[in-house]
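**Student:** Got a structure for you, questions after.
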Amino acid sequence: MAATVKDEKPSVVDNFDALFKAVSNGHLASLKSILENDFSVQAFRNLSSTLLHQAASNSQSHILEYLVQHGAYVDGANAQQMTALHVSSRVGNVDSVRVLLENGADINDVDYDNRSPLYFSVYDGHLECVKYLLENPKLNINIHRKGGWTYLHEAARFGHFECLKLLIKTPGMNLMSRTDDAHWTPGHMAASSGHYDCLALLIENKIDINAGGGPHHSSTLLHEASHGGHKDIVKLLLEKGANPSLYSGHNLPHHIACRRGYTEVLEEYFQFFTKTPKHGRLIDAFTNVDPVTNALSYQNSLHLVSLYGYKECLELLLKYKAKHLPNGMHMYPVMLAACKMHIDCLKILLREIKNTSIGHEVLQRDGHQSALHHLCIKTYKTNNKSIACACLLLNSGMINIDQYDEDWNIPTPLYLAGRNGAVGLVQYLINMGADARLCDSLREYTLNNPQIRRCADMIEEARSEPMTLVMVCKLRIRERLLRCSSLENVSKLRLPNVLKDMVYHGHHRGVTDCKI
């Protein structure tokens, strides 16, 4: 006879669902009933590890105790080779950890990544669990995660100060332990993550604050703090005797702050440099040879902030009297700002050098390309920024729009702009009086490039047509003014605006980008 609905038993799926629900919710009575009525001893053993993990992840210590006392395998592992003790340590439930250890769980068992239960407690900052595990005499404190990451590394990296304090007090802990891949120390972790208290604690316990880590084992704690923009960490390290003259690859610590635009970090360095005579020269110190490419970059702080366009950093450097020096490519900071079209930085640098004896040398030297040359070399598609930068350079009165040098194979700026197909910039330079007769032919570059072809046509047309009387007047007036003054002074004269506009390399009113 077919079974009636009343006689049907729950399906296996229903049994599993009810079982896991009881474990997750901590319903011990339901768990007992289900196991006693619906599961054989063998079925229970097959499920026991999974049930333990479920109870551990939900912090059900009384369920854990019942399961292990009724034959559950206490060190059963999941697919990640984690035991219930790993899970309880990660959750941070001390009662669950205690139950498992009292019932024979292996405190030193590791998962697929060689992480022990203590590792998970430290990683998540579960102080009470860390304290309880450290008190266990069977604990092996020398277990490292793959890659050499220790408990100290993780406590320092995530800023778990109290956990770090406990670990430091534990006999046998090596405060200078290093990772396998890049030789990072716990101090590097605290410095890069910006955990002031953790780093101060490590320094108090006599770590080497000049230890090198990273791919080339040369990145100090100062480098790491600079990379993260942690000014308080930088200040602490400098006060405690960290050496700011050590290179990491090709960078000094403050070069990294320059590259990332951390003005407040730079301020800490420069205040320290000015108070410490032996380090005063570091303000203008150059980068080193790149250990990877062996390139001779040789940039100093002023080059770096000009290259990346950090206006506030640039103003700070000039406040501390940073020098205008050429880099390894014979480029001055103003040239870098021009070719990258950082308008605000270019204005600041032009104002800085216009009244100095080095102004013309910095912008334009015999046998070298001028700032306008570098701008034209880097301009492939004309935009308002490129026009504004050209306008700024020409209005400075320190740039010759037609500078070229046959001996050094340096063509005119107009030729370079045309060769790059910068149509708008070519038109601007022609309008501002660039002599097209000084340009070599661009025909060899026009194949399959309509922009260069258009530039070549514009230059050919300008070469074949005589200068207008207005253009001749502009050029002569500019030449005369530059012998005794600067173009900037023209805007102050009580003259009709139409005359001022005629003199300037661009409109002097309403276009702030074109005024220094």
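For all residues, glycine too, the Cβ spot is worked out from N, Cα and C.
Not my notes, these are from TrEMBL:
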DOMAIN    463-509  domain 'SOCS box'
REPEAT    47-79  repeat 'ANK'
REPEAT    80-112  repeat 'ANK'
REPEAT    182-214  repeat 'ANK'
REPEAT    217-249  repeat 'ANK'
REPEAT    409-441  repeat 'ANK'
**Student:** Count up the helix, strand and coil residues in the repeat 'ANK' (409-441) according to DSSP, in that order.
**Tutor:** 19 helix, 1 strand, 13 coil
**Student:** If you average per-residue pLDDT over the repeat 'ANK' (47-79), what number do you get?
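**Tutor:** Mean pLDDT, the repeat 'ANK' (47-79): 83.
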**Student:** How many of the residues that make up the repeat 'ANK' (80-112) does DSSP mark as helix, as strand and as coil?
**Tutor:** 17 helix, 0 strand, 16 coil
